[in-house]
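Trainee: One structure, pasted below without further comment.
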């Protein structure tokens with residue numbers, strides 16, 4: 001079953017015949033001219049995945065699906081949003097140009113909204129109707145007028161996914177189904193690229209489980225270093241002598257109060273040794289030498 005728009009249905013019969021997109025949490029049920037909507041039971045869901053199936057989910061979560069592990073909010077994301085929640089006037093002219101997407105005009109609306117909703121956990125204004133959720137989708141679709149609001153929601157998800165693909169980011173990081181957070185992260189990525197950097201996205205979502213080696217704990221890394229899969233180690237050291245090194249101003253994961261257990265399944269042993277003093281002391285303690293075979297011993 002392919003996903004396409006129905007041929008010009010009448011408005012009067014739309015509520016009866018047209019598919020419905022549910023906007024959660026309990027915000028609206030919206031008619032759409034798209035056909036091929038499905039109720040997907042898979043919790044790990046992305047817009048790109050649905051497009052490959054030539055279908056689309058019939059439920060979109062404005063603040064992220066609590067059952068989708070790709071929408072789980074890492075503490076690192078909260079700190080990242082805190083860093084980029086300033087006013088538009090705090091950015092340079094070049095950075096303002098990077099903030100033109102998606103509305104066409106420089107704006108920090110999504111950055112500040114993501115900070116409010118995800119870092120400060122304050123979503124009551126939208127959930128109670130004091131702030132209209134439609135404004136977010138109008139900005140994503142650049143003010144395009146729609147006969148059916150469900151089309152506006154689906155087109156917004158598609159527009160986010162297309163931006164993600166153009167920027168070369170994985171759909172496990174930008175799912176296309178978490179509109180406010182997705183746009184905010186794409187804007188942060190655009191701001192970093194002005195400085196020749198890119199988000200070290202493995203730190204922010206469960207997408208880093210796909211990568212066994214995670215040597216860089218900086219929130220951003222040099223773009224040219226990211227081309228090689230094994231080049232994350234010592235990103236910051238390559239240009240450490242540069243007095244204008246943008247990495248000097250970036251956040252570092254070690255500032256977060258996370259237990260060592262958080263990293264055990266995500267970092268190789270040498271990385272844990274590098275960043276944990278107690279483990280390093282235990283590892284280098286000569287008392288363990290007797291447990292290792294001598295170099296001269298025969299097998």
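The backbone N, Cα and C atoms fix where each Cβ goes, glycine too.
Pulled these from Swiss-Prot:
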REGION    66-69  region 'Involved in inclusion bodies formation'
REGION    148-220  region 'Interaction with host TNIP2'
SITE      21  site 'Essential for suppression of TBK1/IRF3-mediated IFN response'
SITE      23  site 'Essential for suppression of TBK1/IRF3-mediated IFN response'
Trainee: Name the residue among the recorded sites 21, 23 whose Cβ has the smallest number of other Cβ atoms within 10 Å.
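Mentor: It is 23 that, of the recorded sites 21, 23, has the fewest other Cβ atoms within 10 Å.
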Trainee: Where else in the chain does the region 'Involved in inclusion bodies formation' (66-69) make close Cβ contacts, counting only residues six or more beyond its ends and a cut-off under 8 Å?
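Mentor: Contacts of the region 'Involved in inclusion bodies formation' (66-69) (Cβ under 8 Å, skipping residues fewer than 6 from its ends): 43-45, 175, 177-178, 206.
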Trainee: Over the region 'Interaction with host TNIP2' (148-220), what is the model's average pLDDT?
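Mentor: For the region 'Interaction with host TNIP2' (148-220), the model's average pLDDT rounds to 85.
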Trainee: Work out the three-state DSSP category of residue 23 (site 'Essential for suppression of TBK1/IRF3-mediated IFN response').
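Mentor: Note: residue 23 (site 'Essential for suppression of TBK1/IRF3-mediated IFN response') is in a strand by DSSP.
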